[in-house]
Every structure is written in C-alpha cells, then in structure tokens.
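**Student:** Look at Swiss-Prot and you will find 140 tagged as active site, proton acceptor, backed by sequence analysis. Annotation comment: Swiss-Prot describes 25, 26, 27, 28, 29, 30, 31, 32, 33, 48 as ATP binding site. Among the features that Swiss-Prot reports, domain 'Protein kinase' is placed at 19-298, with the record citing sequence analysis. The phosphothreonine feature in Swiss-Prot is assigned to 170. Sequence annotations record features per position, and here Swiss-Prot assigns phosphotyrosine to 172.
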C-alpha cells in the first residue's frame, strides 16, 4: 500500500494514494481533520488523523473505543466510516463522509428558522433513538458535533467520549453548556438521559440563537439551570453523593421554575412543550428519544417504519479491561483488518494486494512493550 506524506498545520499527514487534494479542515486535541477526494468512489471525504493514538494505555483504549463504535454503529443520522488505515508512522486515520458545515457554524452565521430547527431536531432524535437502542450514551452532544450538508441532512459525529451505562461514571464529560445536571450533581451514575438533556439545550439554542445555559464555570452553570427550571426536587437532591456538592445545592436561594413559554414566547408552542419534557431535573421523567419522535413538534417527519433501532447491543466487554497500550494497539490493528475484510467482500473497492498489505503491516509489527 503506497503512502504520500505531507506536512499540514505543522503535523505530518500520511494518506494512501487513493486520496487526493488533501486540505486542512480543523485541528483539535485528539486529531487533525482534512478534506480529500476519494479517487475510487469519486466522493469528497473527511480524513481524521488520530493524534498519538498509542501515547498511553488510556488514550489507546479511547482510540479503540472510537474505532469500534464507528465500525459498528451504522445509521443515516450518524457519521459513516468509509475507510480506516494505519500509516507507516503508525498513526490511525479514519475516513468518513464529508459534510459541508456543522450546526455550531450555522448558528453563528444567522438565526435559524423554526422549520429548520424542527427538521434538524427530528434527525438528531432519530439518530439518538438508534444509538440508545445499541446501549450507547454519546455523552458529548453539542452543535459542533452535529454535521450538516447542503441538503440539510444531519449526522451525529465524534464518539470519542461515548460509553455504556455503568454504576459509576466520570463527571467531566460534555461541553459545559450542554451538560446534564445529574453529571454535575453526582458525577457517578447516569444514563442515556444525559443525551436528552443535551439535545434539549441544542433545541433551545436553535430557537433562541444563543446558548440556553452559558455557564462561566461549574457552579454558575448549575445556578443558570436552577434560575430557569427551579431548584432540584428532593428525590434528586437525595441522590447526591458528594458532601461538597450537596452543600452547594443546599446553599442556593429558592427558585421557582419559570414557564419556558415566557422565554420562547415567539416560538412554536409545540417546540416549547417538547423542551419542557426534555429539560427536567429528574432524569427518569425525561422524554426518551423514541418518545420524542412521536411528539407533535416532530410529527411532520415522524415515520415509525423508517426510524430503525440497532440489531443488537454494542459489545462493551472490553470496557473494564486494564491492558497495556501494546495490547490495545494489537486490538485496533485487528479491527482495521476486520473492517477491510468486510469492505473487500461487500464493495470490491479493496484489492487483494491492498488487503495483503494491511495484513503484512500487522504481521511485521511487534507488540511487546518497549
């Protein structure tokens, strides 16, 4: 398999000769993303170089999780994995569909008409229904993770923080503005409902044009939430396990919930009704993704015959494993092999020589700790 190496934004970027016209799109903490032209499919694609994927055991595990999720989760409203390869410098490259913009950029450019907010919200909840049915929590929903093309098709991306529901889960996930209160209150146990809260914040932002809860810090974020929907009910407060957090909550002045319709008085009443069912302190009372698709606000697009769920739950058996980074590395390479094996059988895009090159690359790598 032949590679072309270039330097983009100060980073070595290696692609197979299959991809031409490589141009930078964005640089983040976990990767450099470029646009390119796939000379086989004759489609524009996005290529993400995962930065230092084997720098530590934790990072290697995160890399494995994202690769495995992208491979497994297949839905019209999720970003699709087109190709994956390992470069000579042993970096991981993920090739996905290329969409022209994201919701964050749209919201910065001009106010969003309600009909567009409605269509985007339907697609977001349709994608979440599928994700949640697979036993996956996205955990980092925000406008910049919702990609949109010129046809207004929306696709959820960035599954680097996605997790299974666990008895104890870390609290520092999701951009603050879209973070569910149970994450701030307990930092331990939560479920798919955190994505529903984030989706509600996104809907509110589409309707208002600005973030609903633009907290300056963790405490200010919680204060803004209580100022809008009132103090958390007793049954929620009783679930707080941190003494410091409980003290902060108890010290907050009493706030009565405000009627959201007074804040969104010029907006669609049905949109506000959906918001009220999403932005609830008690996660057990929030509307689910599947239920939201049946809500009157999304009724114009609702089609129960075309809102699929996952065929099976995602396999999280690896999640509790504490392995050295070289073991994760080997597992990632195995996933790459498996992906190309499936692609070779289904599409014919990958030649026998290409597949042999991947296999040879894996065989030649030594997976002992150095």
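Each residue, glycine too, has its Cβ placed from N, Cα and C.
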**Student:** What is the interatomic distance between the Cα atoms of residue 33 (ATP binding site) and residue 140 (active site, proton acceptor), given in whole Å?
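**Tutor:** About 18 Å separates the two Cα atoms.
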**Student:** Can you count the other CB atoms that lie within 10 A of the CB of residue 33 (ATP binding site)?
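**Tutor:** By my count, 16.
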**Student:** 10 Å Cβ neighbour count around residue 27 (ATP binding site)?
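**Tutor:** There are 15 such Cβ atoms around residue 27 (ATP binding site).
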**Student:** What is the separation, in Å, between the Cα atoms of residue 25 (ATP binding site) and the residue listed as 'active site, proton acceptor'?
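**Tutor:** Cα-Cα distance, residue 25 (ATP binding site) to the residue listed as 'active site, proton acceptor': 20 Å.
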**Student:** Across all chains shown, how many C-beta atoms besides its own are within 10 angstroms of the C-beta of residue 25 (ATP binding site)?
**Tutor:** 14
**Student:** To the nearest whole angstrom, what is the C-alpha distance linking residue 27 (ATP binding site) and residue 140 (active site, proton acceptor)?
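**Tutor:** Residue 27 (ATP binding site) and residue 140 (active site, proton acceptor) have their Cα atoms 18 Å apart.
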**Student:** Name, in the order they occur in the sequence, the residues of the same chain whose CB lies under 8 A from the CB of residue 31 (ATP binding site) and which sit 6 or more residues away.
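**Tutor:** The answer is 48, 49, 50, 51.
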**Student:** With every protein chain in view, what's the tally of Cβ atoms within 10 Å of the Cβ of residue 140 (active site, proton acceptor), excluding that atom itself?
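**Tutor:** For residue 140 (active site, proton acceptor), the count of other Cβ atoms within 10 Å is 22.
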